[in-house]
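Q: Sharing the record's features from TrEMBL:
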SIGNAL    1-20  signal peptide
REPEAT    79-131  repeat 'Hemopexin'
REPEAT    132-176  repeat 'Hemopexin'
REPEAT    177-223  repeat 'Hemopexin'
REPEAT    239-283  repeat 'Hemopexin'
REPEAT    284-331  repeat 'Hemopexin'
Amino acid sequence: MEPVITRTLILLVLFTISTAAPLQDAAVQDAAPDRCGGVEFDAITPNEKGNTLFFKGVHVWNGFTGPAQLSSLLFKELNGPINAAFRMHNTENPDDHDHIYLFQDDKVYSYFNQTLEEGYPKQIPEDFPGVPTHLDAAVECPKGECMADSVLFFKGQNVHVYDIATKAVKTKTWPHLPSCTSAFRWLEHYYCFHGHNFTRFHPVSGEVTGAYPKDARHYFMSCPNFGHGGNRKPLKCSNVKLNAATTDDGGRTYFFAGPIYMRVDTHRDGFHAFPITRAWKEVNDGVDAVFSYDSKIYLIKGDQVYIYKADAHFTLIEGYPKTVKEELGIEGTVDAAFVCPTENIAHIIQGNSMRDVDLTATPRVISRDFPLPLSDIDAGLCGDDGIRLFKGSQFYYYESPRILAMGRIAPVASDITSALMG
C-alpha cells in the first residue's frame, strides 16, 4: 500500500503547484480597485493608438470604460506600481514619437506597441538629464500649446519643463495647483489629478480658471449615478448646422456651431465640444465666419473682426476688434469666409456673391466679385483637397476657388458624415 500512498501524495503536490499561480492571479484580479469608488491614479497617459491608460498600483484600465487588469499583462517587464507616464510627442524623431514612457522610482521604461525598447529600463537622468527621480506625474505638451515640444514633470509643487529638442529644463513653482499624483492632456486641455478629483490648468502659466476641483467620475470614466452630460444624446450628423470652419497653419481644423467649437486635428484622440470663450474669451455667443492666415485666426461676428495670434495660446491682438469695413473693406453681413493654403486671398461669401480680398494689400479692398449659384452658405473650408461650402447638414465640394468662381450650376450636395467631423 505504501507505493500507492506515495503516488497519491505526489499527485496532490503537483495539483497544488499547478493551480497555485492561477489562483493567486485570480485573487489579485479580484482585488483590483473600483475606480467608481473613488481612486487616486498613479499615472494617466494615452497610448500610441489613442486609448487612455489609467494606472493604479499593479493594475491598469485601458480606456474610459471596462474593468482593471494587471499592468504586467500589457507591459510584462513592469514589476510593481509606477509613479508617472506620458506619451512622447516628437514628430521630428520617429524613433521616439508616440512611444510610451513609464517612470518607476529612479528608472524609466520606453514602450512602443507594448514592446520594451532596446536598452531600457534606464536611469531617469540618463534619458532625461535634469529631471528628478521619484516623480509624481508627467504629461506631454506639444509645440503650439507649450513654446516648444516639451514634457511637464511634476514633483511636489515644482514643475520641471523639459525641452525635448534641447534637453534644457526650466523649473517652475505653482503653489496654487494641488499636488498632482497624475497629469493628463486631452483635446489640448491639461488636467492635474489629485485624490478622485481633477483641476484643469494652463500648461505654460499653471493658471486655473473655472470652478475646480471637480470629481473625475463625472468626466473621465463611465460610472453609475455620475456624468456631466445629463440626458443629452450625441448630435446626429443630419442635425448639424455649422456657423464657421477653418484650418490653421499647424493643420488644426476648428468647427464652430453656436457658442461652441470643436477641434478635430487628430481623430485618434477623440472629439469634444468646448465653449468658444474657453479659447477666445472675448467672443461670446458664436461667430458668423472664421478664417486663418499668417499664423493668425480671424473671427468675424456681426460687423466686428477679432484677430488672434495662434501661439502657445490664442491672444487677441492689441487694438481689436475692428469693424469689418476697416479691416477687410467689406460692407454688410458676412456669411462665410475661407483662405486656401499658400494663398493670400480671403474669399468672403455674402448672399450669393463671393468677394475676394487681397490680404497683402494696404488698405484691404475687394479685388474681385463673383456671382455664385448658391446662397445662404453657413461656412466655408479650404484645404489641400479642395473647398467645402457648408449649408445645413450638407456641403458642396469644389476643387479650387477658380472653379467655384466660374461655376454657374451648383454641384450635388453631400451629407456631413462622422468621417468628416467625428
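Cβ atoms here come from the backbone N, Cα and C positions, even for glycine.
Automated prediction, rather than curation, is the source of TrEMBL annotations.
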Q: Cβ under 8 Å to the repeat 'Hemopexin' (132-176), counting only same-chain residues 6 or more beyond its ends: which ones?
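A: Sequence-distant neighbours of the repeat 'Hemopexin' (132-176): 43, 45, 83-92, 96, 101, 103, 105-106, 124-125, 182-185, 188, 190, 192-193, 201, 203-204, 206, 208, 250, 252, 310-313.
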Q: What parts of the chain pack near the repeat 'Hemopexin' (239-283), using Cβ distances under 8 Å and only residues at least 6 beyond its ends?
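A: Apart from its flanks, the repeat 'Hemopexin' (239-283) reaches 46, 49-50, 144, 186-189, 289-292, 294-295, 297, 299-301, 306, 308, 310, 313-314, 316, 321, 336-338, 341, 378-383, 388, 390, 392-393, 416, 421-422.
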Q: Over the repeat 'Hemopexin' (79-131), what is the model's mean pLDDT?
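A: Here the mean pLDDT over the repeat 'Hemopexin' (79-131) amounts to 95.
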Q: Using DSSP, break the repeat 'Hemopexin' (79-131) down into helix, strand and coil residues and give each count.
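A: For that range the per-state counts are 4 helix, 19 strand, 30 coil.
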